[in-house]
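K.L.:
Handing you a structure now.
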Amino acid sequence: MDDGMKTQLVSAIQLQEVELQEKPADKLHGDDNQDETYTVEDAVETIGFGRFHILLFVIMGSTSIVEAMEIMLLAVISPEIRCEWRLEDWQVALVSTMVFLGFMLCGVLGGYIADQYGRWKVVFGGFAWSSYFSLLTSFAPSYGWFIFLRSMVGCGVALVSQGFVLKTEFIPAKYRAYLLPLASIFWMTGSMLIIVLGMLVVPLVGWRWMIRISVAPSIILIFLFKFIPESARYNVSAGNIQAAVNTLKKIADMNRSSLPPGRLEEPPVKERGSWKILLSSAYRRTSILLWFSWFVASFGYYGSVLGSSELLEKNLLCVTDADKEHQVRHREDDKLCYCIPFGPDDYRTLLISCLGEVALIPLNICLLNVVGRKMSLMVLQTLAAMFFMLLNICTTMFGFTVLLFLLRSLVSMNFNVVYIYTAEVYPTAARSLGMGFCTSFSRIGGMIAPFIAQVLMSYSVILALSPFAVVSILCALGSFLLPIETKGRALLQNS
(Lines of atoms letter the chains of each structure in order from A; the text may use other names.)
(Lines give C-alpha, C1' and ligand atoms only; values in the text may rest on other atoms or scores of the structure.)
Protein backbone atom coordinates (compact mmCIF):
# COMPACT_ATOMS: atom_id res chain seq x y z
CA MET A 1 0.00 0.00 0.00
CA ASP A 2 1.52 3.32 -1.07
CA ASP A 3 1.65 6.44 1.10
CA GLY A 4 -1.28 8.16 -0.71
CA MET A 5 -3.66 5.32 -0.02
CA LYS A 6 -2.57 5.19 3.63
CA THR A 7 -3.24 8.92 3.98
CA GLN A 8 -6.75 8.55 2.47
CA LEU A 9 -7.57 5.62 4.77
CA VAL A 10 -6.49 7.52 7.90
CA SER A 11 -8.54 10.55 6.85
CA ALA A 12 -11.62 8.37 6.30
CA ILE A 13 -11.27 6.81 9.76
CA GLN A 14 -10.90 10.23 11.42
CA LEU A 15 -13.96 11.55 9.54
CA GLN A 16 -16.03 8.56 10.68
CA GLU A 17 -14.98 9.15 14.31
CA VAL A 18 -16.10 12.77 14.05
CA GLU A 19 -19.49 11.69 12.68
CA LEU A 20 -19.87 9.16 15.49
CA GLN A 21 -19.23 11.90 18.05
CA GLU A 22 -21.76 14.25 16.45
CA LYS A 23 -24.50 11.62 15.94
CA PRO A 24 -26.01 10.00 19.08
CA ALA A 25 -25.75 6.24 19.31
CA ASP A 26 -29.51 5.70 19.24
CA LYS A 27 -29.75 7.59 15.95
CA LEU A 28 -27.20 5.22 14.40
CA HIS A 29 -29.42 2.28 15.23
CA GLY A 30 -32.61 4.03 14.11
CA ASP A 31 -34.04 4.03 17.65
CA ASP A 32 -36.12 7.12 18.29
CA ASN A 33 -37.69 5.90 21.55
CA GLN A 34 -36.16 8.67 23.61
CA ASP A 35 -37.96 11.27 21.53
CA GLU A 36 -41.31 9.43 21.59
CA THR A 37 -43.88 10.39 24.21
CA TYR A 38 -47.21 9.02 25.36
CA THR A 39 -50.08 10.17 27.58
CA VAL A 40 -51.86 8.38 30.41
CA GLU A 41 -54.75 7.74 28.03
CA ASP A 42 -52.33 6.04 25.62
CA ALA A 43 -50.89 3.96 28.44
CA VAL A 44 -54.29 2.87 29.75
CA GLU A 45 -55.41 1.82 26.27
CA THR A 46 -52.10 0.05 25.50
CA ILE A 47 -52.05 -1.88 28.77
CA GLY A 48 -55.63 -3.00 28.14
CA PHE A 49 -57.86 -5.06 30.39
CA GLY A 50 -56.36 -7.66 32.70
CA ARG A 51 -55.87 -8.94 36.23
CA PHE A 52 -55.45 -5.49 37.73
CA HIS A 53 -58.85 -4.43 36.44
CA ILE A 54 -60.49 -7.51 37.90
CA LEU A 55 -58.97 -6.65 41.30
CA LEU A 56 -60.02 -3.02 40.82
CA PHE A 57 -63.55 -4.07 39.85
CA VAL A 58 -63.97 -6.31 42.90
CA ILE A 59 -62.51 -3.97 45.54
CA MET A 60 -63.89 -0.69 44.20
CA GLY A 61 -67.15 -2.35 43.25
CA SER A 62 -67.46 -3.51 46.83
CA THR A 63 -67.61 0.13 47.89
CA SER A 64 -71.12 0.04 46.42
CA ILE A 65 -71.98 -2.71 48.90
CA VAL A 66 -71.17 -0.33 51.75
CA GLU A 67 -73.08 2.56 50.16
CA ALA A 68 -76.13 0.41 49.49
CA MET A 69 -76.19 -1.02 53.01
CA GLU A 70 -76.02 2.43 54.59
CA ILE A 71 -78.80 3.79 52.36
CA MET A 72 -81.11 0.73 52.37
CA LEU A 73 -80.71 0.52 56.13
CA LEU A 74 -83.10 3.47 56.36
CA ALA A 75 -85.88 1.57 54.62
CA VAL A 76 -85.41 -1.51 56.81
CA ILE A 77 -85.24 0.14 60.24
CA SER A 78 -87.93 2.80 59.65
CA PRO A 79 -90.68 0.65 61.26
CA GLU A 80 -88.39 -0.14 64.20
CA ILE A 81 -87.39 3.41 65.13
CA ARG A 82 -90.96 4.57 64.52
CA CYS A 83 -92.04 2.09 67.15
CA GLU A 84 -89.20 2.68 69.63
CA TRP A 85 -89.39 6.47 69.73
CA ARG A 86 -93.12 6.85 68.79
CA LEU A 87 -92.33 8.92 65.70
CA GLU A 88 -94.67 10.73 63.36
CA ASP A 89 -94.36 10.28 59.61
CA TRP A 90 -92.39 13.51 59.14
CA GLN A 91 -89.92 12.48 61.84
CA VAL A 92 -89.22 9.18 60.06
CA ALA A 93 -88.76 11.07 56.79
CA LEU A 94 -86.38 13.51 58.49
CA VAL A 95 -83.95 10.66 59.20
CA SER A 96 -83.42 10.06 55.47
CA THR A 97 -83.30 13.79 54.81
CA MET A 98 -80.54 14.34 57.36
CA VAL A 99 -78.47 11.53 55.84
CA PHE A 100 -78.75 13.14 52.42
CA LEU A 101 -78.04 16.58 53.89
CA GLY A 102 -74.70 15.26 55.17
CA PHE A 103 -74.11 13.69 51.76
CA MET A 104 -74.87 16.97 49.98
CA LEU A 105 -72.64 19.13 52.17
CA CYS A 106 -69.67 16.76 51.92
CA GLY A 107 -70.15 15.87 48.24
CA VAL A 108 -68.71 19.12 46.85
CA LEU A 109 -66.03 19.26 49.56
CA GLY A 110 -64.97 15.69 48.81
CA GLY A 111 -64.79 16.42 45.08
CA TYR A 112 -62.63 19.51 45.65
CA ILE A 113 -60.23 17.64 47.95
CA ALA A 114 -60.03 14.71 45.51
CA ASP A 115 -59.03 17.02 42.63
CA GLN A 116 -56.53 18.89 44.79
CA TYR A 117 -54.95 16.12 46.86
CA GLY A 118 -55.92 12.80 45.27
CA ARG A 119 -58.83 10.39 44.91
CA TRP A 120 -57.40 7.58 47.05
CA LYS A 121 -57.10 9.64 50.24
CA VAL A 122 -60.71 10.84 49.98
CA VAL A 123 -62.19 7.38 49.42
CA PHE A 124 -60.13 5.76 52.18
CA GLY A 125 -61.04 8.55 54.61
CA GLY A 126 -64.70 8.15 53.67
CA PHE A 127 -64.60 4.46 54.56
CA ALA A 128 -63.08 5.09 57.97
CA TRP A 129 -65.46 7.99 58.69
CA SER A 130 -68.69 6.23 57.66
CA SER A 131 -67.75 3.02 59.51
CA TYR A 132 -67.01 4.88 62.73
CA PHE A 133 -70.22 6.92 62.79
CA SER A 134 -72.36 4.02 61.59
CA LEU A 135 -71.15 2.00 64.56
CA LEU A 136 -71.91 4.93 66.88
CA THR A 137 -75.45 5.06 65.47
CA SER A 138 -76.20 1.69 67.03
CA PHE A 139 -75.64 3.26 70.48
CA ALA A 140 -77.83 6.32 69.84
CA PRO A 141 -79.73 7.05 73.10
CA SER A 142 -82.40 9.22 71.47
CA TYR A 143 -83.98 10.21 68.18
CA GLY A 144 -81.97 13.45 68.08
CA TRP A 145 -78.68 11.65 68.45
CA PHE A 146 -79.76 9.10 65.86
CA ILE A 147 -80.41 11.65 63.08
CA PHE A 148 -77.19 13.55 63.91
CA LEU A 149 -75.05 10.41 63.71
CA ARG A 150 -76.76 9.27 60.49
CA SER A 151 -76.01 12.66 58.91
CA MET A 152 -72.33 12.07 59.76
CA VAL A 153 -72.59 8.69 58.04
CA GLY A 154 -73.96 10.53 55.02
CA CYS A 155 -70.80 12.68 54.94
CA GLY A 156 -68.62 9.57 54.85
CA VAL A 157 -70.68 7.92 52.10
CA ALA A 158 -70.30 11.10 50.02
CA LEU A 159 -66.52 10.72 50.18
CA VAL A 160 -66.72 7.01 49.34
CA SER A 161 -68.67 7.84 46.17
CA GLN A 162 -65.46 9.36 44.72
CA GLY A 163 -64.34 5.77 44.28
CA PHE A 164 -66.34 5.72 41.05
CA VAL A 165 -64.01 8.38 39.61
CA LEU A 166 -60.92 6.49 40.77
CA LYS A 167 -62.21 3.31 39.15
CA THR A 168 -63.25 5.00 35.89
CA GLU A 169 -59.84 6.62 35.37
CA PHE A 170 -58.13 3.21 35.17
CA ILE A 171 -60.57 1.49 32.76
CA PRO A 172 -59.93 1.53 28.96
CA ALA A 173 -62.63 3.33 26.97
CA LYS A 174 -64.15 0.30 25.24
CA TYR A 175 -64.63 -1.54 28.55
CA ARG A 176 -66.30 1.27 30.50
CA ALA A 177 -69.77 0.62 29.08
CA TYR A 178 -69.47 -3.04 30.14
CA LEU A 179 -67.76 -2.88 33.53
CA LEU A 180 -69.39 0.18 35.09
CA PRO A 181 -73.01 -1.06 34.75
CA LEU A 182 -71.95 -4.40 36.25
CA ALA A 183 -71.16 -2.51 39.46
CA SER A 184 -74.93 -2.68 40.05
CA ILE A 185 -74.34 -6.26 41.16
CA PHE A 186 -72.45 -4.96 44.18
CA TRP A 187 -75.15 -2.38 44.97
CA MET A 188 -77.80 -5.10 44.77
CA THR A 189 -75.67 -7.34 47.01
CA GLY A 190 -75.50 -4.62 49.64
CA SER A 191 -79.24 -3.94 49.41
CA MET A 192 -80.11 -7.61 49.73
CA LEU A 193 -77.60 -8.14 52.52
CA ILE A 194 -79.16 -5.44 54.70
CA ILE A 195 -82.66 -6.80 54.01
CA VAL A 196 -81.56 -10.32 54.95
CA LEU A 197 -79.93 -8.94 58.10
CA GLY A 198 -83.19 -7.18 58.91
CA MET A 199 -85.13 -10.40 58.41
CA LEU A 200 -82.80 -12.55 60.52
CA VAL A 201 -81.31 -10.21 63.13
CA VAL A 202 -83.97 -7.60 63.94
CA PRO A 203 -86.62 -10.06 65.25
CA LEU A 204 -84.03 -11.74 67.47
CA VAL A 205 -81.77 -9.01 68.89
CA GLY A 206 -83.12 -5.73 67.46
CA TRP A 207 -82.05 -3.10 64.94
CA ARG A 208 -79.02 -1.94 66.91
CA TRP A 209 -77.22 -5.24 66.48
CA MET A 210 -78.15 -5.26 62.82
CA ILE A 211 -76.26 -1.97 62.35
CA ARG A 212 -73.24 -3.28 64.26
CA ILE A 213 -73.05 -6.36 62.05
CA SER A 214 -73.52 -4.26 58.90
CA VAL A 215 -70.31 -2.32 59.65
CA ALA A 216 -68.18 -5.44 59.08
CA PRO A 217 -67.84 -5.07 55.25
CA SER A 218 -66.52 -1.52 55.67
CA ILE A 219 -63.81 -2.65 58.07
CA ILE A 220 -62.72 -5.44 55.70
CA LEU A 221 -62.52 -3.04 52.76
CA ILE A 222 -60.35 -0.60 54.71
CA PHE A 223 -57.63 -3.28 54.83
CA LEU A 224 -58.10 -4.32 51.18
CA PHE A 225 -57.84 -0.77 49.94
CA LYS A 226 -54.04 -0.81 50.13
CA PHE A 227 -54.05 -2.84 46.89
CA ILE A 228 -55.58 0.06 44.95
CA PRO A 229 -53.13 2.79 43.78
CA GLU A 230 -53.73 6.50 43.39
CA SER A 231 -55.09 7.53 40.00
CA ALA A 232 -52.32 7.96 37.43
CA ARG A 233 -54.42 10.64 35.74
CA TYR A 234 -54.53 12.62 38.98
CA ASN A 235 -50.76 12.25 39.52
CA VAL A 236 -50.07 13.59 36.03
CA SER A 237 -52.45 16.52 36.51
CA ALA A 238 -50.60 17.32 39.78
CA GLY A 239 -47.22 17.18 38.02
CA ASN A 240 -46.11 13.95 39.71
CA ILE A 241 -45.05 12.15 36.54
CA GLN A 242 -42.81 9.58 38.23
CA ALA A 243 -45.60 8.38 40.54
CA ALA A 244 -47.87 7.98 37.52
CA VAL A 245 -45.20 5.99 35.65
CA ASN A 246 -44.64 3.71 38.65
CA THR A 247 -48.36 3.04 38.93
CA LEU A 248 -48.73 2.32 35.21
CA LYS A 249 -45.71 -0.03 35.28
CA LYS A 250 -47.23 -2.02 38.16
CA ILE A 251 -50.53 -2.29 36.29
CA ALA A 252 -48.74 -3.38 33.11
CA ASP A 253 -46.82 -6.04 35.05
CA MET A 254 -50.03 -7.36 36.64
CA ASN A 255 -51.71 -7.49 33.23
CA ARG A 256 -48.61 -9.04 31.65
CA SER A 257 -48.52 -6.16 29.24
CA SER A 258 -46.19 -3.22 28.62
CA LEU A 259 -46.24 0.55 28.41
CA PRO A 260 -46.08 2.39 25.08
CA PRO A 261 -42.55 3.17 23.82
CA GLY A 262 -41.00 6.44 24.93
CA ARG A 263 -41.67 8.47 28.04
CA LEU A 264 -44.80 9.73 29.76
CA GLU A 265 -45.22 13.40 29.09
CA GLU A 266 -48.23 15.58 29.86
CA PRO A 267 -48.27 19.13 31.14
CA PRO A 268 -49.51 19.56 34.72
CA VAL A 269 -52.90 21.17 35.19
CA LYS A 270 -52.54 24.43 37.08
CA GLU A 271 -56.24 24.97 37.73
CA ARG A 272 -57.47 21.79 39.39
CA GLY A 273 -60.72 21.47 41.27
CA SER A 274 -62.08 24.82 40.02
CA TRP A 275 -65.82 25.33 39.74
CA LYS A 276 -65.10 27.80 36.93
CA ILE A 277 -64.38 24.85 34.63
CA LEU A 278 -67.83 23.41 35.33
CA LEU A 279 -69.50 26.70 34.37
CA SER A 280 -67.19 27.59 31.48
CA SER A 281 -68.70 28.02 28.03
CA ALA A 282 -67.64 24.47 27.14
CA TYR A 283 -69.47 22.83 30.07
CA ARG A 284 -72.12 25.25 31.33
CA ARG A 285 -75.15 23.67 29.68
CA THR A 286 -73.85 20.16 30.37
CA SER A 287 -73.36 20.95 34.07
CA ILE A 288 -76.81 22.48 34.57
CA LEU A 289 -78.58 19.62 32.79
CA LEU A 290 -76.50 17.05 34.66
CA TRP A 291 -77.33 18.61 38.02
CA PHE A 292 -81.02 18.24 37.21
CA SER A 293 -80.48 14.69 35.92
CA TRP A 294 -78.75 13.70 39.15
CA PHE A 295 -81.51 15.34 41.20
CA VAL A 296 -84.11 13.29 39.33
CA ALA A 297 -82.05 10.08 39.44
CA SER A 298 -81.80 10.25 43.22
CA PHE A 299 -85.35 11.52 43.69
CA GLY A 300 -86.71 8.64 41.61
CA TYR A 301 -84.46 5.94 43.04
CA TYR A 302 -85.07 6.70 46.71
CA GLY A 303 -88.70 7.41 45.96
CA SER A 304 -89.05 3.85 44.67
CA VAL A 305 -87.10 2.38 47.61
CA LEU A 306 -88.77 4.32 50.44
CA GLY A 307 -92.14 4.37 48.71
CA SER A 308 -92.26 0.60 48.36
CA SER A 309 -91.21 0.23 51.99
CA GLU A 310 -93.98 2.63 53.04
CA LEU A 311 -96.64 0.93 50.92
CA LEU A 312 -95.80 -2.39 52.53
CA GLU A 313 -95.40 -1.11 56.10
CA LYS A 314 -98.62 0.91 56.13
CA ASN A 315 -100.65 -1.56 54.05
CA LEU A 316 -101.55 1.10 51.49
CA LEU A 317 -101.47 -1.27 48.52
CA CYS A 318 -104.52 -1.63 46.34
CA VAL A 319 -104.34 -5.39 45.83
CA THR A 320 -107.18 -7.71 44.90
CA ASP A 321 -105.86 -10.70 46.89
CA ALA A 322 -104.79 -9.01 50.14
CA ASP A 323 -104.47 -11.29 53.16
CA LYS A 324 -105.79 -10.32 56.59
CA GLU A 325 -102.49 -8.72 57.56
CA HIS A 326 -102.55 -6.39 54.54
CA GLN A 327 -106.20 -5.45 54.96
CA VAL A 328 -105.33 -3.38 58.06
CA ARG A 329 -104.70 0.25 57.17
CA HIS A 330 -101.99 2.32 58.82
CA ARG A 331 -104.47 4.94 60.00
CA GLU A 332 -107.65 3.93 61.80
CA ASP A 333 -110.05 6.44 63.31
CA ASP A 334 -107.36 9.14 63.03
CA LYS A 335 -105.20 7.26 65.47
CA LEU A 336 -101.64 6.38 64.46
CA CYS A 337 -100.65 2.73 64.63
CA TYR A 338 -97.02 3.00 65.62
CA CYS A 339 -95.74 -0.56 65.71
CA ILE A 340 -96.26 -2.26 62.36
CA PRO A 341 -93.03 -4.21 61.73
CA PHE A 342 -92.25 -5.88 58.43
CA GLY A 343 -93.50 -9.42 58.05
CA PRO A 344 -91.73 -12.21 56.14
CA ASP A 345 -93.76 -11.47 52.99
CA ASP A 346 -92.75 -7.79 53.12
CA TYR A 347 -89.08 -8.69 53.36
CA ARG A 348 -89.49 -11.12 50.47
CA THR A 349 -91.09 -8.45 48.30
CA LEU A 350 -88.20 -6.05 49.04
CA LEU A 351 -85.67 -8.77 48.19
CA ILE A 352 -87.34 -9.50 44.85
CA SER A 353 -87.45 -5.79 44.00
CA CYS A 354 -83.70 -5.56 44.73
CA LEU A 355 -83.06 -8.23 42.13
CA GLY A 356 -84.61 -5.85 39.63
CA GLU A 357 -81.53 -3.64 39.94
CA VAL A 358 -79.39 -6.21 38.12
CA ALA A 359 -81.92 -8.19 36.10
CA LEU A 360 -81.78 -5.80 33.15
CA ILE A 361 -78.01 -5.14 33.16
CA PRO A 362 -77.66 -6.78 29.71
CA LEU A 363 -80.24 -4.29 28.40
CA ASN A 364 -78.35 -1.46 30.10
CA ILE A 365 -75.05 -2.49 28.47
CA CYS A 366 -76.77 -2.85 25.09
CA LEU A 367 -78.28 0.63 25.31
CA LEU A 368 -74.96 2.20 26.28
CA ASN A 369 -73.07 0.57 23.42
CA VAL A 370 -75.71 0.85 20.70
CA VAL A 371 -77.60 4.11 21.24
CA GLY A 372 -75.11 5.92 23.50
CA ARG A 373 -75.39 7.66 26.86
CA LYS A 374 -77.81 10.48 25.98
CA MET A 375 -80.43 8.29 24.31
CA SER A 376 -80.17 5.74 27.14
CA LEU A 377 -81.03 8.46 29.66
CA MET A 378 -84.05 9.56 27.61
CA VAL A 379 -85.44 6.02 27.23
CA LEU A 380 -84.91 5.01 30.86
CA GLN A 381 -86.37 8.21 32.33
CA THR A 382 -89.48 7.98 30.15
CA LEU A 383 -90.10 4.35 31.10
CA ALA A 384 -89.53 5.12 34.80
CA ALA A 385 -92.23 7.81 34.65
CA MET A 386 -94.67 5.28 33.19
CA PHE A 387 -93.99 2.64 35.85
CA PHE A 388 -94.30 5.11 38.71
CA MET A 389 -97.89 5.72 37.63
CA LEU A 390 -98.56 2.00 37.10
CA LEU A 391 -97.87 1.39 40.81
CA ASN A 392 -101.18 3.10 41.53
CA ILE A 393 -103.32 0.56 39.69
CA CYS A 394 -105.17 -2.21 41.52
CA THR A 395 -103.49 -5.56 40.95
CA THR A 396 -102.54 -8.76 42.74
CA MET A 397 -99.64 -8.93 45.18
CA PHE A 398 -97.69 -10.73 42.47
CA GLY A 399 -98.52 -7.97 40.01
CA PHE A 400 -97.33 -5.30 42.44
CA THR A 401 -94.07 -7.21 42.95
CA VAL A 402 -93.49 -7.38 39.18
CA LEU A 403 -94.19 -3.65 38.74
CA LEU A 404 -91.88 -2.78 41.62
CA PHE A 405 -89.23 -5.13 40.18
CA LEU A 406 -89.30 -3.36 36.79
CA LEU A 407 -89.39 0.12 38.34
CA ARG A 408 -86.32 -0.63 40.47
CA SER A 409 -84.59 -1.93 37.32
CA LEU A 410 -85.27 1.29 35.41
CA VAL A 411 -84.30 3.76 38.13
CA SER A 412 -81.15 1.76 38.89
CA MET A 413 -80.13 1.70 35.21
CA ASN A 414 -80.77 5.43 34.97
CA PHE A 415 -78.45 6.01 37.94
CA ASN A 416 -75.78 3.85 36.27
CA VAL A 417 -75.90 5.82 33.03
CA VAL A 418 -75.79 9.23 34.69
CA TYR A 419 -72.78 8.10 36.77
CA ILE A 420 -70.95 6.90 33.66
CA TYR A 421 -71.78 9.98 31.61
CA THR A 422 -70.60 12.35 34.34
CA ALA A 423 -67.28 10.55 34.83
CA GLU A 424 -66.67 10.61 31.06
CA VAL A 425 -67.77 14.12 30.15
CA TYR A 426 -65.62 16.16 32.58
CA PRO A 427 -61.81 16.52 32.27
CA THR A 428 -59.44 15.12 34.90
CA ALA A 429 -58.82 18.66 36.17
CA ALA A 430 -62.41 18.86 37.40
CA ARG A 431 -63.74 15.30 37.22
CA SER A 432 -63.99 14.71 40.96
CA LEU A 433 -65.38 18.19 41.61
CA GLY A 434 -67.90 17.68 38.81
CA MET A 435 -68.92 14.39 40.36
CA GLY A 436 -69.06 16.06 43.79
CA PHE A 437 -71.40 18.80 42.57
CA CYS A 438 -73.59 16.24 40.83
CA THR A 439 -73.85 13.96 43.85
CA SER A 440 -74.69 16.97 46.02
CA PHE A 441 -77.57 17.92 43.72
CA SER A 442 -78.68 14.30 43.74
CA ARG A 443 -78.94 14.40 47.53
CA ILE A 444 -81.33 17.33 47.30
CA GLY A 445 -83.57 14.87 45.48
CA GLY A 446 -82.84 12.34 48.21
CA MET A 447 -83.76 14.88 50.88
CA ILE A 448 -87.13 15.65 49.27
CA ALA A 449 -88.05 12.07 48.34
CA PRO A 450 -88.78 10.88 51.92
CA PHE A 451 -91.36 13.61 52.50
CA ILE A 452 -93.15 12.60 49.30
CA ALA A 453 -92.76 8.84 49.66
CA GLN A 454 -93.16 8.55 53.44
CA VAL A 455 -95.43 11.45 54.42
CA LEU A 456 -97.64 12.27 51.44
CA MET A 457 -98.09 8.56 50.69
CA SER A 458 -100.20 8.16 53.83
CA TYR A 459 -102.76 10.62 52.49
CA SER A 460 -102.82 9.82 48.78
CA VAL A 461 -100.85 7.23 46.83
CA ILE A 462 -101.55 8.89 43.47
CA LEU A 463 -100.46 12.32 44.74
CA ALA A 464 -97.26 10.81 46.11
CA LEU A 465 -96.39 8.96 42.88
CA SER A 466 -97.19 11.80 40.46
CA PRO A 467 -94.19 14.06 41.29
CA PHE A 468 -91.79 11.20 40.55
CA ALA A 469 -93.39 10.63 37.15
CA VAL A 470 -93.48 14.32 36.22
CA VAL A 471 -89.83 15.07 36.98
CA SER A 472 -88.76 11.90 35.14
CA ILE A 473 -90.49 13.15 31.97
CA LEU A 474 -88.92 16.60 32.34
CA CYS A 475 -85.52 15.00 32.81
CA ALA A 476 -85.96 12.93 29.64
CA LEU A 477 -86.52 16.18 27.72
CA GLY A 478 -83.45 17.71 29.38
CA SER A 479 -81.29 14.74 28.39
CA PHE A 480 -82.15 15.41 24.76
CA LEU A 481 -80.49 18.84 25.11
CA LEU A 482 -77.15 17.52 26.43
CA PRO A 483 -74.54 18.83 23.95
CA ILE A 484 -71.94 16.05 24.30
CA GLU A 485 -72.16 12.31 23.60
CA THR A 486 -69.36 10.42 25.39
CA LYS A 487 -69.81 6.98 23.83
CA GLY A 488 -66.35 5.71 22.79
CA ARG A 489 -64.66 8.99 23.72
CA ALA A 490 -61.32 9.17 25.53
CA LEU A 491 -61.23 10.74 28.98
CA LEU A 492 -60.00 14.33 28.68
CA GLN A 493 -57.09 15.51 30.83
CA ASN A 494 -58.06 19.19 30.79
CA SER A 495 -60.78 21.36 29.29
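The backbone N, Cα and C atoms fix where each Cβ goes, glycine too.
According to TrEMBL, the protein carries these features:
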DOMAIN    56-487  domain 'Major facilitator superfamily (MFS) profile'
TRANSMEM  54-78  transmembrane segment
TRANSMEM  90-113  transmembrane segment
TRANSMEM  120-139  transmembrane segment
TRANSMEM  145-166  transmembrane segment
TRANSMEM  178-203  transmembrane segment
TRANSMEM  209-228  transmembrane segment
TRANSMEM  288-307  transmembrane segment
TRANSMEM  350-371  transmembrane segment
TRANSMEM  383-407  transmembrane segment
TRANSMEM  456-482  transmembrane segment
K.L.:
Is the count of Cβ pairs under 8 Å between the transmembrane segment (288-307) and the transmembrane segment (120-139), pairs 6 or more apart in sequence, 3 or more?
P.N.:
no
K.L.:
To the transmembrane segment (120-139), which of 54-78, 178-203, 209-228, 383-407, 456-482 is linked by the most Cβ pairs under 8 Å?
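P.N.:
Against the transmembrane segment (120-139), the leading stretch is 209-228.
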K.L.:
At least three Cβ pairs under 8 Å linking the transmembrane segment (350-371) and the transmembrane segment (90-113), pairs spaced 6 or more in sequence?
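P.N.:
These two stretches do not touch.
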K.L.:
Are the transmembrane segment (209-228) and the transmembrane segment (90-113) close enough to be called in contact, which here means at least 3 C-beta pairs under 8 A that are separated by 6 or more residues?
P.N.:
no
K.L.:
State the residues, same chain only, that lie 6 or more residues beyond the ends of the transmembrane segment (90-113) and have a CB under 8 A from a CB inside it; answer 'none' if no residue qualifies.
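P.N.:
Contacts with the transmembrane segment (90-113): 70-71, 74, 78, 81-82, 121-122, 126, 143, 146-148, 150-159, 161-162, 273, 298, 302, 306, 432-437, 439-441, 443-444, 446-451, 453-455.
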